[in-house]
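Asker: In case it helps, TrEMBL gives these features for our protein:
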- 1-19: signal peptide (SIGNAL)
- 846-866: transmembrane segment (TRANSMEM)
- 878-898: transmembrane segment (TRANSMEM)
- 904-922: transmembrane segment (TRANSMEM)
- 934-960: transmembrane segment (TRANSMEM)
- 1039-1066: transmembrane segment (TRANSMEM)
- 1104-1123: transmembrane segment (TRANSMEM)
- 1129-1147: transmembrane segment (TRANSMEM)
- 1159-1178: transmembrane segment (TRANSMEM)
- 1190-1215: transmembrane segment (TRANSMEM)
Amino acid sequence: MLASAGLLLFVFQLSFVLSASPLQKIICVHKSNSSDVLIRHNCTLMAKDLSSGAQEVSDDTVLLLLNKNETLESIIQFMNVSGLTLSGNETNIFCNQQFVKYGLRFINVSNLKISGLSIINCGALHQKTRLSYDYNTTYNISAAIFINKCTNLQIHNVIISNSTGTGLTLFDCNGKVEIFHSCFSNNTPGFLGPSNDSQVQYSGGGIYYELTLHCNIQEDNCNVHSGIYSSNGSFIVHDCSFTFNSVAVNANVFDKSFFPSGGLIVFLSGFAHNNTVNIENSNFISNTGVYGGGLFIVCRESSTNNSIRVNNVTLFDNNASLGGGGLDIGFKFRKPAVNEFNSIIVQSCNISSNRAYFGGGAVFFVTSASQVDPSNTIEFRDTVWKENKATYGSAIYLEPIFNKSPANTIFPVPHFVNCNFTNNYITFNRTGSSSSGAGISSIGTGAMNSKAISFTLSGLITFSKNNGTAVYLIDSNFIASKDALIIFSNNTGTYGGALSINGFASIYASSNTSFMFLNNKASVKGGAIYFYSTDIISSLLIGASCFVEHITGARETITFYFRNNTDSFGMSMYVSSLLPCNTLCQSSKVYLTYIPPERLLTGECVGNFIFADHNGTVQGNVATETSEFDQLHEVGVKKIVPGKGFTIPFVTRDELGHQSMEPLFGILTTNNDSLYLTNTYTALNRFRMRGQPNDTGHLEIGTLYFRNLTVGIDITMSACPPGFINKNNTCVCSADYDSDHYYGIVRCDNREFVASLSSLFWVGYIGNESEDTLFTGLCPQGYCNYNLTFHVLPSVPSFSELDSLICGGSNRTGILCGDCMENNSVYYNSPGYKCGNNELCSYGPLFYILTSIIPLTLMFTIIVMLGVNFNSGIWNGFVFFSQIVGYFTATFSSISYVSSSERALHIISALIYGLFSLHFFNNDSLSFCLFKNANFFAIMGIEIFSLIFAFLLVITLVSVMKSNYFYRLQTTCCKRPFFKPTTLTKALTTFLILCYSQTTQICFKIMEIGFLTNKGSSIISPLRVQQMGSQAYFTGVHIPFAIAAIIGILTIVIVTPLCLIAYPVFYKVLPQRNKVTATLFRKVEMLKPIFDAFQGCFEDKYRFFAGLYFLYRVIFVSVFSLISVPLASLSIAQVVLMIMLAIHLKFEPYKNKLHNNIDSCLFLLMGIINTLALARFVQSDTYSQDKTMIVLGYIQLFLVYLPIFIIICLLIGLARKKLCRKLPQMRDSAELKMLSDSYNSESCRDSNTVSTNYIDIETVSSLDTADGSKLRKELEDLEDSL
């Protein structure tokens, strides 16, 4: 399209040349000197190239370039001519250079026309002396075309690209300067060459246009207003394209030239006045600069009455390393210069996808202040800002460029009419990259960001889907003109989703103004509006500004509508204070009265506030700055953990009664050098201090805002939380220090200051609460809470909290949880000595008789009367199984029950197997309170009493059954004695087998030592009774129980297995009898019936196995009584079971092979049950209640019940077999009785008389075998006679 336009232009120019006046000179530049070219183009002169043709230029000259390509190898200069036309037919002028060398230069040329050219890779160095108020500056400018002090320029259809400098530079070109249908592309600074590279150059960008001073104002003859080059001119850019121009040497670094903009630069400087700049219908795309990546326009120094119009321009994808990614415009001057009556209008422009550090789309700036209105104006009409990115002011940034503004400063007020701001994003760095855009609440603020420059909005203004707050104001006013409709929708920010007003600033509303806030969101405060005023420092009721102020005459017609706006507190608005708004409602009053916020914002004196959320209430939608401290509870001395954050015992509340979370500051006064405050400021009412225990101080807490509210609390530093130690005035985790480690502490949460303790351990304070009085120890099994793998300890040193956490779930308290809580007692028949309430303690003796005395009496009566012998091979293994298998069940191994049915089956198994260890109802569900305040020692005493009662009961029953009275009593009731009296030896051996496990457990529990360790895992004294930690070892009440336990261990627990193992070895060690050993052998022989009672079922060479069975009991009881770690006790038991099984499979000690097989099966069965217990323990440790655990539980129960099922089946079979054998005998006995009646009863009686004397029968009876299988001869004869 451009090529065809160039062709038409060339034809037009050719006809113009042919019709030119004879005075006009036409120089044709062509490689040939053909007469055809001369005649065709009406050439006055011919030249082979541009350089030679330029030598012939004079006034009214047309330099016609007929070659397709021209190569420049020098600077072509045109100077002091008038009426110069440089025209080509799409001619390419290429500069043959690697550095800045060649280009075109026009100086003092009037009526200059350039058209139909493409200038490529050019850029020559030009010197320019710039005049200013204070000094003159000479500097270098590199440009492809340099035009200075020329008048009336027309540049049409020109392409300037790849220049090593600025594409086109225009200095002091007055009159009518027109540039249209032209392209400026990829022009960027170049290198000056090795010899000149150190020189400073002003270069880069598409076009540089400046009007400057024409003389030095310090000279007497300088009339600054007489300059023809800086007044009454016009600069027009129409239908042009600026693409990929840059002022950066390298686009990836920030090494910039001294020119600000990559696209078009316009400076109206000096005393430029009455000039017009029109930039219209042009595109600025992908240009890069320092300021104004696409377009930079400034009225500076004393320029006046200039008019600048930017109309229908597209600024897209431009980038500025600092400000104004698309557009940078402003007024720059300093005293004594006066810059006034200049006008800038940006209309119908599309500013999109531009990037900068501030002002991603556009920047408006002022570099000086005036106390007199300079009447400079800036206006944006019908302009769209879309998808621009910056850290501050992603769409537009407004700011005066100086540090301090004088009082009563007057700045130009930008005016926005019918503008749209959509999807402008805050970014985190200067490159303008952003992860997404909408929804980012970032460090930057504002799609529109204004500092100290107020602005007005008219017509329809829309802010939509901008992040980082739509409008962010600092010390500037948001002025809504009459009939304006301003819509904020779907904007996000940190403080104020739609509008953030800060400092000396307010919303100024005119009549019939409407504000709509829809779906805006703030991550902290002010979903729609955030208003933070520093003005209230003067007075809350007078002198301060309301967040909404009225322009004269406006009140009832101002409307604010809010819907679905929210912040972190669910509010639509945050306002420093609503009190200054009282003046709007009571402006005529001298003495103001307080108006509640609900009436203030709904009474229309401030504005008509309509809230669609929270039932339309002001309280539900509005929050203010903190107005008071509200004390939460009675404030005494605050205990603070060193290094741990703490919350002050106050909350801050705003004017509407909301709890506010405003920033606070703290000031600490103390006499302790080690005590100090680590954070002076806080936003969550939390502070952190460091120090040593018992350090004291006073903390004064105040608000940061201008109400200056303060409150104070006294501080005392406490000890570190349990598990922590004080290092360098702060609490740290002891688990990280081997030398100061507490045993059982496994890890810490250093943020929450809580330590984790293994659930197998007890922890607590003994004495005062300090890290030196904190102790840990293995907790007795069942005493501590085992619901979790780890206990998370309290974050403050507290005896009561620790006690409740570790022991409370078991109704226990004290050291090692050894005592019951108040109104609780240790229950009888509880395997874990549980503590329960005292409600039914009055029935305790009755329950004891029913559950212990009566069962013991019945059981041993049956054993003695029936002569039951548990020393036989068939019973030995089963009794051992019954006494040991309970240790593998849920009760003893701390495994939780999965279901109620499993619990019930476990209780039944405990009832059955408990008979063989004299634990008749040994289950927590069946335990009871024996008497009030019963403790561990009381229960031990009762259990010892039960064993003594059982022992005396056995002796009594044996004595009774051997008496004549009992025999006569039997014969009176029956024809022959029904009960076979047993020997005392057999009865006592049976008693010993049944009570041995319980006796061993009682002794071990009484003698078990509880170890407490302090910091550094060192064991402290005195040692403790493990099952009653409050009792020091071998002191007080523990002494008699310990003596009894020692006696039991020495006389029963140790002696029994030792003698049974040593007896068979005795004869092998001392085989020869002599005078010395004869007496010893004789005395040992007297004990042979007792040893035979235990060892008779074993082969002679393996009789010591009777002692091994007791030794096995000792091992298992000690493992489960003395080891409080279930996993360890179960694991050790598993090893012992496997060794036992291997020994019995190896030696097969019983005489009867069946008995060997029975015991081997029972040992294997116990091993499987224990393996399942281990698996269930690991499963329960993960708090899993899945099907695997349920299945394992029921398999374990099945195996536990299996021996009982087998015995029941065998007993039924034996009974059936015996019944079948007895029935024929009973029929034969009946027939014999009928026959015997026919004989003389007396003779029959004499012939069959048997001695009825009980002692005689005992004397003549044969000795029973070890297993009790042989009957007395008299009873056998009696049975045979029947």
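Residue numbers in this text run from 1 along the chain shown.
Every residue gets a Cβ built from N, Cα and C, even glycine.
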Asker: Looking only at residues six or more beyond either end of the transmembrane segment (1159-1178), which have a C-beta under 8 A from one in the stretch?
Answerer: 876-878, 880-881, 884-885, 888-890, 893-895, 1126-1127, 1130-1131, 1133-1134, 1137-1138, 1140-1141, 1144-1145, 1150, 1189, 1192-1193, 1195-1196, 1199-1200, 1202-1203
Asker: Do the transmembrane segment (904-922) and the transmembrane segment (1104-1123) share at least 3 Cβ pairs under 8 Å, sequence separation 6 or more?
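Answerer: As far as Cβ distances go (cut-off 8 Å, pairs 6 or more apart), the transmembrane segment (904-922) and the transmembrane segment (1104-1123) do not touch.
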Asker: Who are the chain neighbours of the transmembrane segment (934-960) in space, where the CB to CB distance is under 8 Å and they lie at least 6 residues beyond its ends?
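Answerer: Residues 818-820, 825-828, 833, 841, 848, 852-853, 856-857, 860-861, 864-865, 918, 966, 981-984, 987-988, 991, 995, 998-999, 1002, 1005-1006, 1025, 1027-1028, 1031, 1037-1038, 1041, 1044.
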Asker: Please give the sequence-distant neighbours of the transmembrane segment (1129-1147): residues at least 6 beyond its ends with Cβ less than 8 Å from one of its Cβ atoms.
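Answerer: Contacts with the transmembrane segment (1129-1147): 887-888, 893, 1102, 1105, 1108, 1112, 1115-1116, 1119-1120, 1123, 1156, 1159-1160, 1163-1164, 1166-1167, 1170-1171, 1173-1174, 1177.
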Asker: Please report, as numbers and ranges, the same-chain residues at least 6 past the borders of the transmembrane segment (1190-1215) whose CB is under 8 Å from any CB of it.
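Answerer: Residues 878, 881, 885, 888-890, 897-899, 902, 905-906, 909, 912, 1162, 1165, 1168-1169, 1172-1173, 1175-1176, 1179.
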